[in-house]
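Feature annotations, reproduced from TrEMBL:
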- 153-334: domain 'Malic enzyme N-terminal' (DOMAIN)
- TYR176: active site, proton donor (ACT_SITE)
- ARG229, ASN484, ASN528: (S)-malate binding site (BINDING)
- LYS247: active site, proton acceptor (ACT_SITE)
- GLU319, ASP320, ASP343: divalent metal cation binding site (BINDING)
- 344-597: domain 'Malic enzyme NAD-binding' (DOMAIN)
Amino acid sequence: CFPPPRSTPSAAGARWWHVGRRGFVASVEAGAKGEMESTMKEIRGGGAPCVLDMDDAATVGGGVEDTYGEDRATEEQLVTPWTVSVASGYNLLRDPRYNKGLAFTEKERETHYLRGLLPPAVTSQELQERKIMHNIRQYQLPLQRYMAMMDLQEGNERLFYKLLIDNVEELLPIVYTPTVGEACQKYGSIFSRPQGLYISLKEKGKILEVLKNWPERSIQVIVVTDGERILGLGDLGCQGMGIPVGKLSLYTALGGVRPSACLPITLDVGTNNEELLNDEFYIGLRQRRVTGQEYADFLHEFMAAVKQNYGEKVLIQFEDFANHNAFDLLARYGTTHLVFNDDIQGTASVVLAGLVAALKLVGGTLAEHTYLFLGAGEAGTGIAELIALEMSRQTKTPIDECRKKIWLVDSKGLIVSTRKESLQHFKKPWAHEHEHVGNLLDAVNAIKPTVLIGTSGKGQTFTQEVVEAISSFNEMPIILALSNPTSQAECTAEQAYTWSKGRAVFATGSPFDPVEYNGKTHVPGQANNAYIFPGFGLGVVMSGAIRVHDDMLLAASEALAQQVTQENFDKGLIYPPFSNIRKISAHIAANVAARAYELGLASRRPRPKDLVKYAESCMYSPIYRNYR
């Protein structure tokens with residue numbers, strides 16, 4: 001018995017033989033083959049390299065390998081359902097990648113020993129989809145719907161993604177924010193089967209061995225968290241796994257990255273959440289978080305093991321790390337690994353896209369507006385830096401000058417130069433000359449911003465007085481209440497439109513229903529990172545990029561802003577509807593890949609002639625395959 005390798009053989013056309021159950025012989029053909037960088041450089045030290053300073057010798061390889069016939073371009077090909085052998089019978093029904101339930105054809109039931117294991121009816125994938133959606137809609141609680149979707153993902157992968165792609169606007173709030181936040185809080189109670197890899201301090205010194213326990217070898221995207229800052233909910237420890245699982249579901253559904261190429265990971269270094277430590281259902285280590293050198297050594301072992309096991313071109317997305325670790329990790333590994341922090345860089349990119357689109361409603365350029373942030377953590381400083389970077393690019397002005405148009409308020413008030421000595425390093429670029437201002441309302445009245453952005457993680461901090469103040473000196477104030485989940489939003493859509501008398505250009509991080517004010521229906525935009533990171537990841541993967549550069553984030557923002565139509569603007573929207581997300585992701589991927597080629601960071605050769613069409617062809621398709 002000669003089982004196939006876990007990844008596609010490198011030689012195109014190689015044939016692998018396997019003597020399977022009942023003595024039959026099967027074969028399968030191998031498929032054809034700042035904050036942002038500027039600030040990161042300061043943190044690393046002035047003489048440290050940026051990603052473009054590196055040797056560009058690695059110019060071969062990259063791109064995508066369709067091991068299991070998952071891409072849109074391979075929909076018509078016959079697929080052999082390999083696991084360790086050709087899957088058949090009961091095992092085939094229990095394999096989520098290949099299970100089709102009642103959609104197995106008569107021929108497939110005969111060939112793969114399914115007779116008697118299924119009822120006689122043969123149904124279509126479309127009928128299965130209608131039935132599952134009907135059942136999900138019967139649940140009253142969002143968490144129940146979340147659990148039903150996770151059960152489906154574990155039982156029938158293609159049907160899960162078909163459902164999510166076709167009903168994205170309805171199901172996105174279920175598999176992602178805001179419901180995923182509640183799921184993480186209750187993860188220990190609802191946990192039934194593991195998803196992804198759990199790497200705890202118990203595995204220190206053996207992380208490479210743990211990575212090799214994962215059955216897939218051709219991993220292209222990893223989302224990893226240590227659970228210390230889950231959304232706006234704080235330290236959830238090991239139960240933060242819901243975030244990597246949810247993010248990677250969206251990488252596949254929205255960006256088309258194949259599920260077999262995705263790996264969710266939680267690094268369990270303990271938790272400081274006393275409630276979890278005393279919870280009998282908690283699934284993580286029952287100890288307080290390690291910090292300092294022990295934490296740094298553990299992370300370094302993990303990063304080295306990932307590179308050794310999966311190679312140079314696996315995208316590692318840091319997710320929901322606390323501020324003090326997030327910036328340091330991005331700075332430390334930005335020039336040695338292909339890393340991306342969605343809280344810093346993804347949020348920045350999607351907000352910048354919304355601002356660029358909003359300018360078509362309110363007029364002016366980025367440099368002609370004044371920005372005030374509530375919140376000076378990963379998201380706030382990341383957004384601020386990317387705005388300054390784009391402002392600098394447009395005006396050819398030094399970035400330090402552009403930063404002076406951007407003000408930040410943290411828990412101690414307006415960040416000003418007199419506070420500089422006591423500030424964390426990532427806040428120091430935003431310490432401008434100004435007298436001390438102790439709260440947001442006074443800062444609004446003093447700075448008179450045209451754009452107000454909330455990244456505080458604190459609900460109801462954009463009070464009526466604050467919204468009325470910014471509306472008093474702006475005809476159309478731009479107000480972005482970005483904190484997640486919904487309960488942590490700085491204000492609701494109804495509050496923003498009512499207090500601004502219907503004049504605000506408004507968007508949030510979590511979804512809100514349309515609001516009617518004075519006979520006009522206002523549809524709030526959603527500045528959701530899901531617009532950016534799936535397409536960004538696809539662009540990185542399909543170009544074989546070896547590093548992430550700020551210009552690639554700007555490229556993603558440009559592509560997203562270009563997808564907003566006049567019809568969207570007429571409704572007051574600054575983001576396109578999620579119903580078109582796969583088309584949007586293809587354009588983002590193409591723009592990101594094009595910029596990677598221009599920067600010399602792409603390793604896939606030759607460059608595809610039409611990057612949009614190539615992106616679409618690389619996208620995972622959830623349509624059922626016909627089996628040999």
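Going from the start of the chain as shown, residues are counted 1 onward.
Positions of Cβ are set from backbone N, Cα and C atoms, glycine also.
Bear in mind that the values here come from a model prediction, so they are computed numbers and not experimental data.
Positions of the features from TrEMBL, shown on the structure.
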| residue | record | Cβ neighbours (10 Å) |
| --- | --- | --- |
| TYR176 | active site, proton donor | 26 |
| ARG229 | (S)-malate binding site | 24 |
| LYS247 | active site, proton acceptor | 27 |
| GLU319 | divalent metal cation binding site | 30 |
| ASP320 | divalent metal cation binding site | 26 |
| ASP343 | divalent metal cation binding site | 23 |
| ASN484 | (S)-malate binding site | 23 |
| ASN528 | (S)-malate binding site | 26 |
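Listed in chain order, the residues near the divalent metal cation site other than GLU319, ASP320, ASP343 are THR225, ARG229, ILE230, ILE243, PHE318, PHE321, ALA326, ASN341, ASP342, GLU378, each with its Cβ within 8 Å of the site Cβ centroid. For the pair formed by ASN484 ((S)-malate binding site) and TYR176 (active site, proton donor), distance between Cα atoms is given as 11 Å, rounded to the nearest Å. Rounded to a whole number, the C-alpha distance linking ASP343 (divalent metal cation binding site) with ARG229 ((S)-malate binding site) is 10 angstrom. The average pLDDT the prediction assigns to the domain 'Malic enzyme NAD-binding' (344-597) is 95. Once the Cα atoms of ARG229, ASN484, ASN528, the listed binders of (S)-malate, are compared pairwise, the greatest separation found is 18 Å. TYR176 (active site, proton donor) is 14 Å away from ASP320 (divalent metal cation binding site) when you measure Cα to Cα. Each residue contributes its Cα atom, and for GLU319 (divalent metal cation binding site) and LYS247 (active site, proton acceptor) those atoms are 9 Å apart.
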